[in-house]
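What TrEMBL says about this protein:
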type	residues	note
DOMAIN	B:4-144	domain 'Aspartate/ornithine carbamoyltransferase carbamoyl-P binding'
BINDING	B:54, B:55, B:104, B:132, B:135, B:263, B:264	carbamoyl phosphate binding site
BINDING	B:83, B:165, B:226	L-aspartate binding site
DOMAIN	B:153-298	domain 'Aspartate/ornithine carbamoyltransferase Asp/Orn-binding'
């Protein structure tokens with residue numbers, strides 16, 4: 001069906017729906033309820049040039065729950081990369097030891113570059129300002145799983161919409177489903193015009209606002225992202241803005257919506273929200289496991305089933 | 001039977017005896033003689049906020065010998081904790097990926113706090129000055145395994161009895177078995193009065209001395225701990241004291257006792273003791289595996305056997 | 001057959017040929033084509049006191065492809081070694097948790113020292129300026145696999161022949177097969193006289209030259225090694241020498257030879273060589289897996305098959 005997972009833009013609506021259905025079948029294995037030996041004897045190679053907890057551990061969990069194993073590195077300290085080995089050489093080596101590669105790299109395009117070189121499937125786990133397609137798939141899965149379908153939703157993306165690769169990819173994917181979107185951010189962190197232009201070109205309805213209050217009565221999903229201190233030269237301006245986009249219990253309790261966040265959060269969402277039924281971010285993190293299991297199974301098993 | 005392993009004080013004599021019997025059944029699996037698939041498909045989540053070799057690797061070994069897998073982190077360098085993620089959020093994430101969590105943390109109470117939040121079993125692998133219950137269980141197992149029973153033993157705890165969480169927990173557990181104890185330490189590093197008071201209140205016989213010679217003819221177990229240089233402002237005083245509690249071959253050879261140590265040792269026990277039959281500390285380290293296997297099997301399998 | 005793998009000098013020609021045959025049987029498992037449960041339930045203990053990517057990951061891959069697991073450390077940051085624990089104590093602990101130990105250490109002799117202490121098999125994965133026998137075995141396997149036999153080959157060792165433990169071990173092993181060798185290096189980095197003397201004593205033909213051109217028409221194998229900048233006080237001298245031993249496309253294309261390299265390379269071989277059929281270094285890295293599988297199977301399984 002597909003050989004690599006590099007950018008969410010490579011996937012059509014049918015592809016995405018197929019992956020989400022497969023992920024749902026995986027849930028009993030993902031939760032440890034049902035053992036699986038689908039990938040017994042198979043090895044996932046991990047190349048993490050940037051630190052990651054959630055993405056890395058959920059890929060590891062996905063592989064191990066399927067009976068497979070993992071080799072590779074979580075940072076570059078104890079590796080040949082520290083001796084000056086090229087990305088190409090490291091990838092060629094790891095491809096020799098594994099049945100698929102997951103790569104996180106600080107440079108945009110690194111994953112696609114590697115996928116052109118090695119003869120095993122490659123999954124992009126985040127390449128700098130570029131793509132993070134498995135995050136987008138688990139975000140979509142979370143919405144699908146809760147609401148039953150994605151098409152008719154009304155989704156607000158909140159916070160830093162300028163720098164976050166997560167919200168850009170998610171916006172493109174939601175557009176494929178015709179989802180109505182609101183972009184809620186301070187002026188300094190607006191969704192880039194190029195993204196808005198693309199989305200409008202694809203026929204979806206998008207609105208922009210600085211105020212959460214403008215949209216909160218209408219949305220099904222509040223997708224909250226981190227606003228990084230480093231974006232603001234003036235600490236007071238940062239404090240003011242952080243406060244304006246902070247999600248607390250009063251804002252959410254009793255409303256017919258879910259709160260999502262790619263995590264880690266710092267203080268965008270008050271901990272008192274965690275116990276509300278609207279809080280979906282920990283469940284969302286767990287959903288990374290069945291989604292990544294579906295991808296690993298498709299990429300690795302289908303490949304080994306096909307004639308040499 | 002129990003849902004978490006947080007403090008040895010949560011376990012009665014019957015609980016402890018049950019765990020030690022289960023551990024003995026685990027020995028052929030722990031040594032690699034007999035494979036096991038008791039925990040196939042299950043995942044242990046490791047949260048090690050402080051470095052550890054023995055505890056961490058023996059938990060990993062225990063889980064893998066039972067057919068299970070491990071995910072998590074051995075230090076916080078390559079994790080979201082480095083980005084400022086809270087302990088709660090990290091634990092919620094890892095609980096979504098695993099069937100049980102093992103945590104080592106520098107703050108007392110961290111393990112119990114986590115066990116109240118997540119919906120998987122939690123095992124405390126050391127929380128600051130607090131508890132390290134699996135160490136205590138393997139210490140008890142070592143005595144039980146060598147002498148057949150714990151009740152009638154005479155145990156000397158030697159070295160730094162003031163700061164070591166290991167010796168405090170062990171003393172409380174030995175009291176449950178009515179064991180006669182001697183505390184051998186320099187005055188600066190005496191067993192805290194509060195502990196002695198508790199022990200005497202439970203009816204066991206304890207004696208205190210500064211001199212090993214006073215007790216060595218009577219004890220079955222010399223449990224030696226590390227005296228840390230940092231405790232002494234004066235290096236000469238440190239040297240003098242270190243010498244007074246140093247265990248060498250002459251002190252031990254031919255006597256009817258065993259020498260235990262939680263390891264790592266620096267120079268509390270002379271390497272020439274290692275080859276004596278009295279030296280039990282490497283065997284003791286190995287016993288961490290069957291004891292932790294017994295706990296993992298009880299916590300994870302019984303949970304998944306029970307109705308949802 | 002043998003209990004440890006410490007130095008290639010411990011292996012006779014028959015031993016080596018047996019290992020290479022076993023490695024060939026392992027290839028379908030090494031490539032993930034065929035699952036194996038030969039070492040299910042078994043654990044390999046890894047003690048890496050120096051960073052390594054290829055050696056460490058290929059041992060891990062080998063163990064996991066055979067159904068086994070790995071515990072240990074990839075660097076000493078998060079371990080008791082950082083607290084001052086002795087090599088002996090760390091090895092005794094890990095031997096208690098595992099069925100075989102792989103050690104890389106900065107001190108020559110460390111692996112043999114450990115093998116005398118612990119009661120599980122020990123594999124040397126590089127001990128300082130000493131030995132790296134599994135590298136030598138995979139080098140030999142690469143030649144055997146490509147040419148069908150090793151005996152009649154003509155092998156040029158190129159680059160830094162003075163400091164590289166890899167080329168010294170390889171030269172001794174090639175001598176066992178009566179291989180004709182050329183040593184191509186700058187005068188500063190000549191093969192040590194002691195090695196040449198030993199080789200000539202064993203009856204093999206060796207020649208020395210500074211110029212690649214002198215040998216390139218006659219050799220079957222160009223075995224290229226890294227020339228380290230640190231060896232040259234004068235950066236210009238380093239540049240000149242690096243250039244003289246640089247392998248590019250024109251030098252190799254169309255010739256009846258293979259190019260090998262233990263990797264990581266920096267710039268000894270031009271990337272444009274990678275796509276030529278002569279480029280064997282990535283294949284060579286992969287061959288580390290079947291060779292190490294053969295060793296692990298022999299050391300661990302034969303041990304557990306034998307009566308206690």
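Placement of Cβ uses the backbone N, Cα and C atoms for every residue, glycine included.
It should be emphasised that the depicted structure is a prediction, and the values quoted were computed from it without experimental measurement.
Listed in chain order, the extra residues whose Cβ falls within 8 Å of the Cβ center of the carbamoyl phosphate site residues B:54, B:55, B:104, B:132, B:135, B:263, B:264 are B:52, B:53, B:125, B:126, B:166, B:262, B:288. In terms of Cα distance, the binding-site residues that sit within 10 Å of residue B:226 (L-aspartate binding site) are B:263, B:264, chosen from B:55, B:104, B:132, B:135, B:263, B:264. Counting every protein chain shown, 20 other Cβ atoms lie within 10 Å of the Cβ of residue B:264 (carbamoyl phosphate binding site).
Taken together, the residues of the domain 'Aspartate/ornithine carbamoyltransferase carbamoyl-P binding' (B:4-144) have an average pLDDT of 93. Residue B:165 (L-aspartate binding site) has its Cα within 10 Å of the Cα of these binding-site residues: B:132, taken from B:54, B:55, B:104, B:132, B:264. When each of the binding-site residues B:54, B:104, B:165, B:226 is scored by how many other Cβ atoms sit within 10 Å of its Cβ, B:165 comes out lowest. The number of other Cβ atoms within 10 Å of the Cβ belonging to residue B:263 (carbamoyl phosphate binding site), over all protein chains shown, comes to 20. Listed binding-site residues: B:54, B:104, B:135, B:226, B:263, B:264. Those with a CB under 8 Å from a CB in chain C, in sequence order: B:54, B:263, B:264.
In sequence order, B:104, B:125, B:126, B:132, B:134, B:135, B:288 make up the list of same-chain residues 6 or more apart from residue B:55 (carbamoyl phosphate binding site) whose Cβ falls under 8 Å from its Cβ. Residue B:135 (carbamoyl phosphate binding site) counts 22 other C-beta atoms within 10 Å of its own C-beta, drawing on all protein chains shown.
In three-state terms derived from DSSP, residue B:104 (carbamoyl phosphate binding site) belongs to an extended strand segment. Taking all protein chains in view, 25 other C-beta atoms sit within 10 angstroms of the C-beta of residue B:132 (carbamoyl phosphate binding site). With helix defined as DSSP H, G or I and strand as E or B, the domain 'Aspartate/ornithine carbamoyltransferase carbamoyl-P binding' (B:4-144) counts 68 helix, 24 strand, 49 coil. Each residue in the domain 'Aspartate/ornithine carbamoyltransferase Asp/Orn-binding' (B:153-298) gets a DSSP state, and the totals come to 65 helix, 24 strand, 57 coil.
Largest Cα to Cα distance within the recorded carbamoyl phosphate binders B:54, B:55, B:104, B:132, B:135, B:263, B:264: about 17 Å as a whole number.
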